[in-house]
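Trainee: Take a look at the following structure, please.
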Amino acid sequence: MSAWAALLLLWGLSLSPVTEQATFFDPRPSLWAEAGSPLAPWADVTLTCQSPLPTQEFQLLKDGVGQEPVHLESPAHEHRFPLGPVTSTTRGLYRCSYKGNNDWISPSNLVEVTGAEPLPAPSISTSPVSWITPGLNTTLLCLSGLRGVTFLLRLEGEDQFLEVAEAPEATQATFPVHRAGNYSCSYRTHAAGTPSEPSATVTIEELDPPPAPTLTVDRESAKVLRPGSSASLTCVAPLSGVDFQLRRGAEEQLVPRASTSPDRVFFRLSALAAGDGSGYTCRYRLRSELAAWSRDSAPAELVLSDGTLPAPELSAEPAILSPTPGALVQLRCRAPRAGVRFALVRKDAGGRQVQRVLSPAGPEAQFELRGVSAVDSGNYSCVYVDTSPPFAGSKPSATLELRVDGPLPRPQLRALWTGALTPGRDAVLRCEAEVPDVSFLLLRAGEEEPLAVAWSTHGPADLVLTSVGPQHAGTYSCRYRTGGPRSLLSELSDPVELRVAGS
């Protein structure tokens, strides 16, 4: 897929408390089916492909295989593909695409044409989050491939449909949610019609107060700072359109802020004093009279040291500084006395970064590196800082060079389906590694160019092949690449076979 065909995120920088809105442009087309008669939805079917940009070329994909493209005399935003009565030759899973800037754009949503009843299940999703709290308008979006239907919302445990919404000119309906529970939706083409298959179930929780945001120290600030330095902290909420607050202990920090997205804010701390390193949290509040502040984030810590105290001693266990991959390494930082905070610092191609901060009861901190790999290689040192005035800090310890040779741990790849995949469906493969902050790559056997890429800070990532057809059958593996200046590439995972039904 070309860069032009990728999703475009166009953000504007704001120095206000939070950016009011962001512009999101998705170049993918939309596809829907229209029935000639609601009483007989499969008797005369037309598929309509609508593009957000004008184009002269449309293409229908059936069961993962592209059909003959349609060339128009003049640019248009939509094209209609008449199927007529649904038969064995027209039954299938459809998507559409269009050509923009000489490249075919990523395919549309899936429309299932079965020719049978009950009608295919719709999809259901939550907006903006899957929980409710005072002051928040949570909704459920029910989406069908068939236009002009009546949508039905069901709450688990209720005998009747909870709500009914007609959508004569649309393929979706939005339902407000006021109760926690398990929801699904279906649709029908006329009042006496049989409801479609139900959608998957989504769970709505009631959370009061709202869940905590995340607070992180920006990379340039995640080092040992001198008093008088500046630092940046980023607070990210699980939804947009909220007011943020930075606190240290119970006291609000009225500092400059900026935002590039309505779900986050950057706090800028200037002229930091020696004792300004610990205890930062953030929270958010919906813009409603009923809204309460969220739970506090986990605390973020800065390390400020004036270098006036004696250097600590840093030692390793085992003493061998070329451990085997997968081993446990313990780095011990010892100060002349107790009552201090310790920071472990690593220097690599990306510079000096604080790895961890500990506040033990005694004069020694023990930093554990579990399952070490090549990404843990670097020059380690440590410092300590007084936790009481005047908050003096130490010189850095002597450096220990830790070198872990050998390949990175291999990732694991598994398919999120069983058996042969139905043509036209998406193939979702989950790649998982023990290393954080990596890009996962999906590769087909014998090919070097990745077919899908996904970034993950922690945990697995789902790699998706859209609208698979017989041409996608084969063997797949994944690998990952670490971020930063010292980029490392893992070995391939064990292979997973993708079988496509009928091929």
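For all residues, glycine too, the Cβ spot is worked out from N, Cα and C.
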Trainee: Check Swiss-Prot and name the cysteine among CYS333, CYS431 that pairs with CYS382 in a disulfide.
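Mentor: So the cysteine that Swiss-Prot bonds to CYS382 would be CYS333.
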Trainee: Which of the three DSSP states, helix, strand or coil, fits ASN137 (N-linked glycosylation site)?
Mentor: coil
Trainee: Using C-alpha atoms, which one of the recorded positions CYS49, ASN137, CYS235, CYS282, CYS478 comes nearest to ASN182 (N-linked glycosylation site)?
Mentor: ASN137
Trainee: List every residue in the same chain as ASN379 (N-linked glycosylation site), at least 6 positions away in sequence, whose Cβ is under 8 Å from its Cβ.
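Mentor: Counting only residues 6 or more apart in sequence, the Cβ neighbours of ASN379 (N-linked glycosylation site) under 8 Å are ARG346, LYS347, ASP348, THR399, LEU400, GLU401, LEU402.
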Trainee: Expressed to the nearest Å, what is the distance separating CYS49 (disulfide bond) and CYS142 (disulfide bond) at their Cα atoms?
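Mentor: Between the alpha carbons of CYS49 (disulfide bond) and CYS142 (disulfide bond) there are 20 Å.
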